[in-house]
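Residues or ranges marked as active site, charge relay system in TrEMBL: Lys12, Thr57, His246. Taken from TrEMBL, the feature O2 binding site applies to Thr57, Asn244. If you look up TrEMBL, you'll see Thr57, Asp58, Phe158, Arg175, Val217, Gln218, Asn244 marked as urate binding site. The feature 5-hydroxyisourate binding site is assigned by TrEMBL to Thr57, Phe158, Arg175, Val217, Gln218, Asn244.
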Amino acid sequence: MSIKLALNSYGKNAVNLSKIIRHADYHEFRQITVNISLEGDFTTAYTEGDNTKILATDTQKNTIYALAKEHFTSSIEAFGIYLSDHFIANNPQVTKVTIDITEHGYTRMAFDGSLHPHAYIGNGPDKNTALIVQDKGNITVRSGVKDLLILKTTDSGFENFIRDEFTSLKETADRILATQCEASWLYTSNGQDFTACAAAVRNTLLKTFAFHNSLSVQQTLYAMGEAVLQEHSMIKEISLQMPNKHHIPFNLEQFGLFNKNDIFIATDEPYGLIQGTITR
Ligand SMILES: O=c1[nH]c(=O)c2[nH]c(=O)[nH]c2[nH]1
């Protein structure tokens, strides 16, 4: 029996970088986390300890900071593409680069209708993401959003599901629907205004969630993906992950009180996880 190395990759995770762009009358602030991973001709590094083709992960990290000085000026997607081009162009032993960027958004504070020149407030839990994969001359860009915490207090039910000997869940036509949505989408081409596109997709996701009369998380997930494909012709496919953040009616009868569907126990675990990809 011969034993050999199969799939392998290496790189640096959690490269946390922030940047100030100083304009004459205000400062721009950006903060990102970059994960980089390389694949290629690295077998002997694993099997023989031969590091001659290894671009140290420390060097990868340094390269990200150094290139950010001149080249992180617009979208996280554009910076990711620049980084992946750099690693491919300078390392013939590398056949595939994956750059995964999460932006921690900040917005300038506003007082009396005017923006403060250099004070920012964090945007909240949701973050924009970009995943760039460059492989044999092919580059794919996925933009996304994660930790989008959304909730509605009605217009959601869950009925007509299987009842077997282990079913205890009650049917409901009126429940809280809450999720921490993660979405990522693929473009038909890479010449987009990525930042504007991400903002527009986020808005479509929120609007569809809010106005949808939900029979299940599954149905709402599909409706959200379908609306993104209908409203944004530059997107060819979207994947959504929607954990069901359960709010379960609390038993008040034990205290002689009636729960008018208004007191719940919010549970973190276990949670339902609903996932789907919607494509053209
Ligand atoms: O929208 C839902 N989908 C399910 O598949 C499911 N399962 C469950 O227990 N509650 C829910 N809710």
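Glycine too: its Cβ is placed from the backbone N, Cα and C atoms.
Model, not experiment: these values are computed from the prediction.
Shown here: features listed in TrEMBL, placed on the structure.
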residue: Lys12; record: active site, charge relay system; DSSP class: strand
residue: Thr57; record: active site, charge relay system; DSSP class: helix
residue: Phe158; record: urate binding site; DSSP class: strand
residue: Arg175; record: urate binding site; DSSP class: coil
residue: Val217; record: urate binding site; DSSP class: helix
residue: Asn244; record: O2 binding site; DSSP class: strand
Rounded Cα separation (Å) that holds between Phe158 (urate binding site) and His246 (active site, charge relay system): 12
Checking the recorded positions Lys12, Arg175, Val217, Gln218, Asn244, His246 against Thr57 (active site, charge relay system) with a 10 Å Cα-Cα cut-off, in sequence order, leaves Lys12
Quick test of your reading of the structure: among the recorded positions Phe158, Val217, His246, whose CB sits under 6 A from ligand 1? Phe158, Val217
Out of Asp58, Arg175, Val217, Gln218, Asn244, His246, give those recorded positions positioned within 10 angstroms of Lys12 (active site, charge relay system), comparing C-alpha atoms, in sequence order. Asp58
In chain order, residues whose C-beta lies under 8 angstroms from the C-beta of Asp58 (urate binding site), counting only those at least six residues away in the same chain, are Lys12
Can you tell which of Lys12, Arg175 has the most other C-beta atoms within 10 Å, given these are the recorded positions? Arg175
